[in-house]
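Annotated features, as they stand in TrEMBL:
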- Cys507: active site, nucleophile (ACT_SITE)
- Cys384, Ala385, Ala386, Pro387, Gly388, Gly389, Lys390, Asp408, Asp436, Asp454: S-adenosyl-L-methionine binding site (BINDING)
- 32-43: compositional bias 'Basic residues' (COMPBIAS)
- 293-568: domain 'SAM-dependent MTase RsmB/NOP-type' (DOMAIN)
- 26-96: region 'Disordered' (REGION)
Amino acid sequence: MEGVAPAVSLFRSRASARFPIFVAADSGAARRSPRKGRSRVSRRTLETSPPGAAGSSAGRKHGSTETAPRRSGITRVPKLGPAVSTKRAGRSKDPHINLEVSHHRAVAAVRLLRIEKGKAFADLLNEKTNDSGDNEMGYVERTLGFRTRYLEDRDIRLVTVIVAGTVRWKRYLDYLIMSLCTEEKMFREMEPLLLQILRIAFFEILKLDVPAYAIVDENVSLAKAALRPGAGNMVNAILRKLILLKETNSLPLPNIEGDDRAQARALSIIYSHPVWMVRRWIRFHGKDDTLRLMNWNNSDPHFSLRVNTSKGYTRADLVKRLESLQVHYEESIMDEFVRIREGMQAVLQAGLLKDGMCAVQDESAGLVVSVVDPQPGETIIDCCAAPGGKTLFMASRLSGQGKIWALDVNKGRLRILMDAAKLHSLNDMIHDIHADLRLYAKETTAKYDKVLLDAPCSGLGVLSKRADLRWNRQFEDLEELMCLQDELLDSASTLVKPGGILIYSTCSIDPEENEKRITAFVKRHPEFAIQSVCGYVPAEFITDEGFYSSNPTKHSMDGAFAARLVCSILGAPQGHN
């Protein structure tokens, strides 16, 4: 990524050396003024903000329930769930707490710093939202030297929206920030925290329905409190330039002209994707489909819920609960699934996942299970099972008859899978194997009716949900992944019974991770033949070669791929159960 910010440690030394405004949380004592020896805690940190003041969430449009145009490419301010935590009131006499700085922006800025260091993901939303608030405020205190008002559950959702959107649009935002700096060097040498504050503000101004004056005031206040007054002045000047350009419809954009490389570079800025991805997608999918795909990746993701039929629930039961929570839904093409665009916070707080009524799972993954077609009485091994969504769904389709072995190299993730199996009342049917598939295949003599290899891949089909993934993937990664996929396919093939089925799947839309891996495998293993997925998934998902393929822009779900391979009885390596 061009314009990568310098190490995070730099801003700490710069900020605290000149303007130690607040008491550091871990110091144990107030910092002393070099002149009078008194604590230089800002007077405003001891005051409480009146409703509607800068730093307060009152009077904002963050709670708006208006519906935005469907998949417009503009991130919406979230529709908030009905339940709001009141664990803390957010008011304290502790001088470490700054009640005027925008609390969710402070958390967002610090989390963005952590994401760039590879120590955090973009999504804060989980089942333990109160713990998330505590954890994030701890990071804020350790990084900035002060705390802000406590994060309520609705704030966590808002932070997730801001962080995910800022990460998605990072390349475009950086292009604009650099364009509005007086010189390129100013951008290149910008302190990491200051850059994150500007990114947040640019994203809010360009993509969220929030009053511009509030965005300017609160991000300026954050820059002054976390860094120094001069940083706040710089933020103020740059943001006012941006607002003027937006109002006059004169935002700078690169020209889409020149050779293929130059055009891909311009498109990568406008749509905020790595250049190598843009070039690769244009090569495989064409320019128009590439533009649609990038728009999809930059828009708000929707989520699918799969009802847990193994505990006796039906989709009608799940729909009834969603209606009681006032969560809007759409029924899926798959009987066990419903889609929701907003309201995940309400689903989590109502305990629907914790109680085992449903699980979050994309329909693309559900269709992979349809390709496997688990039947009662079968023995199945899931070779790269964690986190376990497909394992659980396959087990639920066995109707209590049959066994599934969940193999994974990651012991911690395997433990989470088994906990989920117990929650879904499927633990008697699922057995875990902690091992590297390549070593396990050499040592075991076990054979299975069906072998699922949901292989490690680039994840290029799930970029809408994984905001940070596009920046964590390099072109060189694909070559390494393809070698690994070949190794795992070779190993998985030795576990198939004569006449059994090997299923290879990915959450990628890249042909070299999908179709070409199968073509190469069949050449190496003539005892396996491609079997069409016709009859297992709807016709719209079947390719000319007989593979399953979901496309985000065509099917409004994650991109995924699966192939069925039948092991010939005569050519199969022999073994026993």
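Just so it is clear, glycine is given a Cβ too, placed from its N, Cα and C backbone atoms.
Curation plays no part in TrEMBL annotations; they are all automatic predictions.
Here the features listed in TrEMBL are painted onto the structure.
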residue : record                               : Cβ neighbours (10 Å)
Cys384  : S-adenosyl-L-methionine binding site : 19
Ala386  : S-adenosyl-L-methionine binding site : 22
Gly388  : S-adenosyl-L-methionine binding site : 25
Lys390  : S-adenosyl-L-methionine binding site : 24
Asp436  : S-adenosyl-L-methionine binding site : 13
Cys507  : active site, nucleophile             : 25
### Query
Which value in Å gives the longest Cα to Cα span across the S-adenosyl-L-methionine site residues Cys384, Ala385, Ala386, Pro387, Gly388, Gly389, Lys390, Asp408, Asp436, Asp454 as recorded?
19
### Task
Rounded to the nearest Å, what's the C-alpha distance separating Asp436 (S-adenosyl-L-methionine binding site) and Cys507 (active site, nucleophile)? Just drop the number here, would you?
21
### Query
About how far apart, in whole Å, are the alpha carbons (Cα) of Gly388 (S-adenosyl-L-methionine binding site) and Cys507 (active site, nucleophile)?
14
